[in-house]
């Protein structure tokens with residue numbers, strides 16, 4: 001058992017950590033680039049806001065994922081209450097995943113609108129303002145927080161004795177058994193979100 005844990009740790013350290021480090025570094029560079037560009041030009045287009053928002057989401061997504069995967073990072077995070085720690089990190093990670101899907105969809109749609117010809121029905125959307133884009137981004141945050149809020153009730157730190165009914169999340173966090181209603185509602189909301197936004201993404205990419 002100890003050898004298995006050691007092997008798993010080595011695999012994670014040698015494979016996952018470099019990918020996370022590169023991803024966070026690349027997205028930080030993109031975020032800073034767009035911030036400096038806006039500071040220089042003082043003009044913020046709807047597509048610029050979306051492009052700036054996406055690397056921020058990816059940074060948070062990778063960071064929370066790294067904490068969940070790494071025992072060292074999880075234990076070093078300065079919160080003594082493991083229950084609160086599990087809930088916050090898992091909740092943020094799932095919200096970031098959903099917001100990433102929504103923001104990527106928005107970016108794809110905005111790009112399709114930008115390159116659409118004047119005869120296209122998308123022409124009337126070319127004058128969309130940055131306020132509309134900001135409104136959609138805020139909506140995507142609220143939507144995904146609503147979809148994911150059940151995790152705040154069911155995520156718990158690893159108990160001393162792990163029952164067969166608990167669902168493994170990480171070495172430190174497990175999911176309590178859900179009722180059929182909770183489980184079905186959570187699944188339906190996630191599937192609907194993914195189908196709608198990924199579907200719009202595919203349609204707009206095909207249009208472009």
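Glycine is treated like the rest: Cβ placed from N, Cα and C.
Annotated features in Swiss-Prot:
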DISULFID  86-173  disulfide bond
TOPO_DOM  1-19  topological domain 'Extracellular'
TOPO_DOM  41-48  topological domain 'Cytoplasmic'
TOPO_DOM  70-97  topological domain 'Extracellular'
TOPO_DOM  119-135  topological domain 'Cytoplasmic'
TOPO_DOM  157-183  topological domain 'Extracellular'
TOPO_DOM  205-208  topological domain 'Cytoplasmic'
TRANSMEM  20-40  transmembrane segment
TRANSMEM  49-69  transmembrane segment
TRANSMEM  98-118  transmembrane segment
TRANSMEM  136-156  transmembrane segment
TRANSMEM  184-204  transmembrane segment
Calculate the per-residue pLDDT averaged over the topological domain 'Cytoplasmic' (205-208) and state the result as an integer.
68
Apart from its near flanks, which chain residues at least 6 from the ends of the topological domain 'Cytoplasmic' (41-48) lie with a Cβ under 8 angstroms of it?
34, 107, 110-111, 114, 128-130, 132-133
Short question: which residues 6 or more past the ends of the transmembrane segment (136-156) have a Cβ under 8 Å from it?
49-50, 53, 83, 86-87, 90-91, 94-95, 98-99, 102-103, 106, 169, 173-176, 178, 182, 185-186, 189-190, 193
Please list the DSSP helix, strand and coil residue counts for the topological domain 'Cytoplasmic' (41-48).
4 helix, 0 strand, 4 coil
Across the topological domain 'Cytoplasmic' (119-135), what are the DSSP residue counts per state (helix, strand, coil)?
11 helix, 0 strand, 6 coil
Kindly assign residue 173 (disulfide bond) to one of the three DSSP-derived states: helix, strand or coil.
strand
Same chain only, please: residues at least 6 beyond the ends of the topological domain 'Cytoplasmic' (119-135) with a C-beta under 8 Å from a C-beta of the stretch. Say none if there are none.
44-47, 49-50, 106, 110, 112-113, 207
